[in-house]
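Inspection log for the structure reproduced underneath, given as structure tokens.
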């Protein structure tokens with residue numbers, strides 16, 4: 001036992017292994033080779049087999065497919081588990097690219113197939129499951145569209161496109177039509193792949209959709225972290241169609257952004273107003289649910305002949321003869337924010353012009369589908385619902401400073417967009433409508449409060465004619481319910497800066513000019529308009545316990561109608577007319593807690609309201625027999641409650657205000673020319689390039705604004721033709737006014753704060769040593785220092801054009817009362833009746849004319865006051 005130690009051990013040594021191999025006629029080297037080959041084969045299968053298969057598939061697919069390049073980094077599959085895995089897959093062609101970092105799909109082949117299952121059932125069992133990580137879809141060109149434009153404009157073709165339908169032979173076209181007719185027939189349920197795979201589930205982790213290239217300054221990107229999508233089919237909306245495609249799912253942490261394009265060929269001169277991460281965020285939301293649907297059109301049926309066949313068609317079938325549906329529903333959840341403004345709209349215009357360029361051709365009327373042909377989809381419908389509180393920011397810049405209008409909206413807000421897919425005799429008309437609930441709007445000014453409303457509904461209708469440069473008509477209808485608007489004069493400059501930033505700064509171009517007009521109809525249901533009436537326009541801009549004197553115009557309805565015409569190219573003057581009609585309007589006054597007249601005024605109003613007034617005190621001597629006025633109904637109030645110290649001062653049944661405004665527009669990059677020549681000469685110089693050259697010895701006008709520094713001549717702005725403003729105000733008869741003492745002081749302050757020298761406000765907390773009027777700083781500030789004023793005092797003379805203002809005010813049958821302290825059984829105090837008042841003012845640059853006509857005034861005083 002001691003001489004054979006190998007027998008006492010449980011492990012074999014090299015000698016024992018060699019003896020064993022020699023005994024069995026084998027060799028150790030073969031075992032070693034087999035082991036090495038096995039390990040190499042395992043390593044190859046683990047690390048290199050899928051890559052070689054991917055390389056092989058890449059070579060084969062690109063040899064057969066010539067319209068793009070397809071790359072597969074690695075590819076592997078397992079028959080037992082029905083799993084296919086892939087990595088580094090991307091597809092690139094002239095217009096777009098699709099990239100996938102890695103992913104896999106599972107086909108559950110072991111699931112029992114039931115050929116008798118319900119066809120187009122979205123709740124059917126899932127057999128195909130796809131998971132993708134790092135998905136990117138990038139659209140950067142429209143080759144077919146630009147090739148068609150080259151052919152339309154008669155240019156030499158330089159783009160390679162796929163085979164067009166027009167280039168196919170008649171046999172190919174006949175085969176295509178025949179295949180369409182065959183597909184249009186109702187096949188057997190088991191003959192379609194959808195019977196085997198009725199539902200497909202797709203999960204995407206970290207996805208991006210991009211639209212842009214290095215020729216555009218910004219690229220539109222849609223980023224999301226996780227997406228869970230399901231594709232299925234269901235019965236169509238009309239029995240004439242085959243079925244409906246649906247894709248529904250949810251996306252998490254969605255961001256729509258405008259990102260600077262890498263390797264952009266131009267200069268990035270237009271800076272965004274706000275950056276968040278990679279770029280400007282247009283929209284973001286934590287949770288987004290989508291529902292995409294599209295009917296598969298069926299063939300147009302042959303018209304029934306004979307009354308018997310017509311009677312067999314049921315009423316339900318007739319109601320279901322609707323066109324095929326196509327649309328997308330988007331539901332935004334928590335954390336939804338929208339950001340837009342002039343800068344974002346300029347980037348949208350750049351993207352629109354590149355991906356959807358105009359061909360400047362008359363659109364053809366869509367042909368009606370004939371029997372046997374596929375039915376036509378009439379429109380694409382987009383719906384967006386907000387089921388949680390959201391914010392909307394309207395951003396713009398002035399002097400590199402960002403200004404904003406911030407809007408908070410509540411759950412239940414929605415937006416609907418309808419885009420026609422067919423063209424009629426008069427063109428097509430897309431529509432946009434929606435509503436915003438619980439609107440709370442503030443601005444970036446020091447006086448932040450702007451608008452509060454329970455609901456704001458809007459409806460926009462655009463009419464596009466078939467000829468691209470024919471007049472377009474845009475209509476916008478806005479309805480606001482239970483609104484409170486805080487108005488100060490500085491908001492006029494604030495919104496003017498917004499419009500200037502939104503307006504194009506390029507010179508007028510006749511080649512791209514399209515005449516159009518905007519028609520606005522704004523209707524307020526139960527409104528409050530609050531005016532700040534502090535002396536010298538000092539305003540307390542704090543959010544709580546404001547020490548301001550307010551006047552408020554409250555009413556039941558307010559209609560605002562006006563039209564903005566842009567129908568002429570480089571017009572000399574532009575004219576618009578504003579019409580405001582209000583019903584059941586009251587004027588209310590509020591004094592702050594610190595005002596010395598607040599409590600005496602409230603005591604006077606309380607004592608005077610307890611008086612039982614005779615029914616004939618508000619009637620003229622001629623109408624003493626008329627019935628007494630009806631008691632007023634309770635009206636909606638948001639801020640101007642009587643419990644908060646607001647007093648009724650003036651009540652008007654109907655109010656009409658008409659404003660006619662005629663102004664001289666200032667054209668970008670042409671301001672100096674407008675000073676040196678008349679508008680007719682400027683229009684002649686712009687159109688001269690379109691006319692054939694004339695052999696004339698008279699030299700043409702040459703602009704000098706682009707050569708060196710523009711030399712501005714000594715022009716007196718008062719010599720320019722004035723802008724004209726005509727205002728007509730009319731109040732219906734039987735208005736009632738309470739002549740409180742602070743009311744007169746508040747009206748004088750309103751006159752100075754909104755129409756006088758105190759139009760720029762100053763915050764109580766703003767420490768300014770020598771305030772002066774600002775014309776160059778941000779529109780959110782009303783005052784600047786002397787040094788800043790000197791830097792921004794170089795205003796263009798066209799901005800100082802004089803005004804020609806005409807004001808006409810008509811008042812009829814005004815009843816007035818002078819409240820006094822008295823008991824309920826005592827005298828009611830003095831009262832008056834004004835039959836008619838006409839006031840007219842004509843104000844120019846050099847003179848002002850006033851005219852007033854008063855009819856007899858009746859004053860009634862009780863015997864106890866005589």
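Using the three backbone atoms N, Cα and C, a Cβ is placed for every residue, glycine included.
All annotation found in TrEMBL is predicted automatically rather than curated by experts.
Checking the ranges 639-681, 682-724, 725-767 against TrEMBL, the region 'Disordered' annotation falls on 682-724. Looking at 68-86, 87-105, the range tied to transmembrane segment in TrEMBL is 68-86. Check TrEMBL against the ranges 8-27, 28-47 and you find transmembrane segment recorded for 28-47.
Cross-referencing 271-295, 296-320, 321-345 with TrEMBL places the feature region 'Disordered' at 296-320. Sequence-remote contacts of a segment are chain residues at least 6 beyond its ends whose Cβ falls under 8 Å from one of its Cβ atoms, and for the transmembrane segment (68-86) they are 49-51, 53-55, 57-58, 61-62, 92-94, 100, 102-110.
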